[in-house]
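The structure under discussion appears below in the form of structure tokens.
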Amino acid sequence: MPIRYIDQLKDLKGKKVFIRVDFNVPQDEKGNITEDTRIAGAVPTIKYAVEQGAKVVLASHLGRPKGEKKSKYTMAPAAKRLSQLLGKKVMQAPDCFGPDVSKIIDSMKPGDVVMLENVRFYPGEEKNDPEFAQQLVNGCEIYVNDAFAVSHRAHASVEAITKLVPTIAAGFLMKNEMTFFDKAMSNPVRPLVAILGGAKVSGKLEVLETLVNKVDKIVIGGGMAFTFLKAMGYGVGKSLVEDELIPTAKKIMDKAKKKGVTFYLPVDCVVANAFEANATNFVTTVQEIPEGWMALDIGPASATLFAETLRDAKTVIWNGPMGVFEMDAFCRGTFAVAEAVGNCYATTVIGGGDTDAAVNKAGVAAKVSYISTGGGAFLELLEGKILPGVKALDVKK
């Protein structure tokens, strides 16, 4: 799919450039940003547009205000943080369209940056309403999507707007996301190893069915592993199991065997008598999980086994933690895998949310080839889907 990037556009000077960013970042109760990776990730694109003399109009969502104006979801803290990262003032608009916003945009000078208010303050955003998209355009001549993490959503500021602006392009963050994903999945150096974790098989069913056709090894950890272990006949106590997916788990393992894909599951785990941070816990083999106990992390032998699978890997994709890593008693498996991924001699791509947080907590983020900003978007790419926000950038359409 041919996509044009912002550095391929001619003469941005004096032009109004609408950049869709994803500043949906965590904040504390006082509205202070606690983690700014997504804001920092968009800086190269914004900086480039500023240096080229564009009048930069930024749009993003924050949280789920459900189509209503709610002060706790204002973009003002993001604009303030961006000002610090850019080293220049970022104006905060009072809304995302309307006379007051038009007045600000019309008075902008080359190199100025304005942050529109939360686009999800209006129901038209999530409905992909073309009329709402038209209001967002506000005289902008160029549209740039640098919001990979929301590009799996066909929303007005991601999809509908691309039909209303003469020139469309992708930003540098989007380019990095697509380049590394393509390197890892479309044209990987093999062996290609996929590590999947997280709570439920149901959330990654399509991913698993796609990966079985593409990878050389699959490593399964986290709560989802216990549906597979039960499918193999193990008693798993009170561990999380999706009984209705046991037949599907069997089919996936059978398919992996037929395709010559090596399938790794935990051999031991940390079990607890309750889903609590201070619960009584101990390590046991997966064959000996006591009745009434639940597995909340992989054990040390599993961590060693999983690390061994990466020794000859040339490409590694990881999505999902190995246990309830937010609780100190059940974080060791995730951190051990993070260290193994960080230390392996391969192209390593980390996908989304919890995995990103785990890699940062483990202190190995700098050793990873690429950390994706997208959770749901990354998973949909793994499923083999074309993201609506990416499809909308197709210059041939």
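Cβ coordinates are placed from backbone N, Cα and C, and glycine is handled just like the others.
Pulled from Swiss-Prot:
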{"type": "BINDING", "residues": "ASP22, PHE23, ASN24, ARG38, HIS61, LEU62, GLY63, ARG64, ARG120, ARG153", "note": "substrate binding site"}
{"type": "BINDING", "residues": "LYS204, GLU326, GLY352, GLY353, ASP354, THR355", "note": "ATP binding site"}
Judged by the number of other CB atoms within 10 angstroms, which among ASP22, GLU326 is the least packed of the binding-site residues?
GLU326
Sorted by position, what residues of the same chain at least six away from ASP354 (ATP binding site) have a C-beta under 8 A from it?
GLY198, GLY320, PRO321, PHE325
Binding-site residues LYS204, GLU326, THR355 vs HIS61 (substrate binding site), shortest C-alpha separation belongs to THR355
LYS204 (ATP binding site): nearby binding-site residues from ASP22, ASN24, GLY63, ARG120, Cα cut-off 10 Å
none
Fewest other Cβ within 10 angstroms of its own Cβ, chosen from the binding-site residues HIS61, LYS204:
LYS204
Count the Cβ atoms, other than its own, that fall within 10 Å of the Cβ of GLY63 (substrate binding site), considering every protein chain shown.
14
Taking DSSP as the reference, which of helix, strand or coil describes HIS61 (substrate binding site)?
coil
Out of these binding-site residues, ASN24, THR355, which one has the fewest other C-beta atoms within 10 Å of its own C-beta?
ASN24
Taking the Cα atoms as reference points, how far is GLY63 (substrate binding site) from GLU326 (ATP binding site) in Å?
21
Within 10 angstroms of the C-beta of ARG120 (substrate binding site), what count of other C-beta atoms is obtained when all protein chains are considered?
26
Rounded to a whole number of Å, the separation of the Cα atoms of GLU326 (ATP binding site) and ARG120 (substrate binding site) comes to 29
